[in-house]
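To keep things clear, I will list the structure first and then write my remarks on it.
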Amino acid sequence: MEVQAEMEPTSSISLVAAVSYGIASMAMVFINKAVIMQYPHSMTVLTLQQLATSLLIHFGRRMGYTRAKGIDMATAKKLLPVSIFYNANVAFALASLKGVNIPMYIAIKRLTPLAVLISGVLFGKGKPTTQVALSVLLTAAGCVIAALGDFSFDLFGYGLALTSVFFQTMYLVLVEKSGAEDGLSSIEIMFYNSFLSLPFLSILIIVTGEFPNSLSLLLAKCSYLPFLVILILSLVMGIVLNFTMFLCTIVNSALTTTIVGVLKGVGSTTLGFVLLGGVEVHALNVSGLVVNTAGGVWYSYAKYRQKKAKPAKLMSDLEAHKK
């Protein structure tokens, strides 16, 4: 009975982390799209999001709202690859949104579970169960079918989105490893990630030519209240998304985090068709998205069965969020 009582909070946290990440991820796609439609400097937006994250956690530590540790150089060196892959993923994802409509962007990003599954085998995590492997393959097949029905096909945009998939795979695998091996909490990983991102992003906005034009345009745009509201919402949701993503990856796994991204795509895709338009609906497009969703549901069922068959392990990450 004591073991059962211990397992229940862990299962609850796992579910809350997954659902929270799904909601935040879905909202962030639309918010980023809304910002970029009015302000095309995606690297500057990403820099502002990371700066806001660093400042919030720093002052949160000073005021005693979180027990996250300060910057340690040895840990920073170990997490530097996470930061590089994370920012490369977001940078390519933001850039791809300029040429890819939201439903197809979501479909392409649904290739990430397959990439994570393959990387897990290559990095020695062992072979997945047959049901998990088949459900992930079904999800990837849905992406291909949906792409065949996309009449607004943008080769460059697709290339950027696929590159984003690679970088997302790498940083999720590294985050899962860092949480398991180094005992870092989601807030600590988020703090290191945002802090280490700032020099990299500062150089990037200069090299890409965004700065200083992006700054002058930003100041001019901020005088327009609707844009200012969307920008602030983007900064807040960037923090929420990072926290829920890292928490979900540590509490669950990198593969589960990507599958949550697949399941939240149902709502994102529907809203993308209705609200933002720019999509010529075709039977292949719709069929592919349905297959995507079926693969995600199948995966969820397979992992549920797998978790019931194994004792759930307690996560040290929970202690980091207690005052």
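The backbone N, Cα and C atoms fix where each Cβ goes, glycine too.
The annotation topological domain 'Cytoplasmic' is assigned in Swiss-Prot to 1-10, 59-78, 125-132, 176-186, 248-252, 302-323 on the grounds of an author's statement. The annotation transmembrane segment is assigned in Swiss-Prot to 11-31, 36-58, 79-97, 102-124, 133-153, 155-175, 187-207, 227-247, 253-275, 279-301 on the grounds of sequence analysis. Swiss-Prot lists 32-35, 98-101, 208-226 with the feature topological domain 'Lumenal'.
Contact between the transmembrane segment (187-207) and the transmembrane segment (36-58) holds: at least three of their C-beta pairs are under 8 Å, each pair 6 or more apart in sequence. With respect to Cβ pairs under 8 Å, the transmembrane segment (155-175) is most closely packed against 79-97, considering the stretches 11-31, 36-58, 79-97, 102-124. Simply put, out of 36-58, 102-124, 279-301, 36-58 has the most Cβ pairs sitting under 8 Å from the transmembrane segment (227-247). For the topological domain 'Lumenal' (98-101), DSSP puts the residue distribution at 0 helix, 0 strand, 4 coil.
Averaged over the topological domain 'Lumenal' (32-35), the predicted model reaches a pLDDT of 83.
Remark: secondary structure over the topological domain 'Lumenal' (208-226) totals 11 helix, 0 strand, 8 coil, with classes taken from DSSP.
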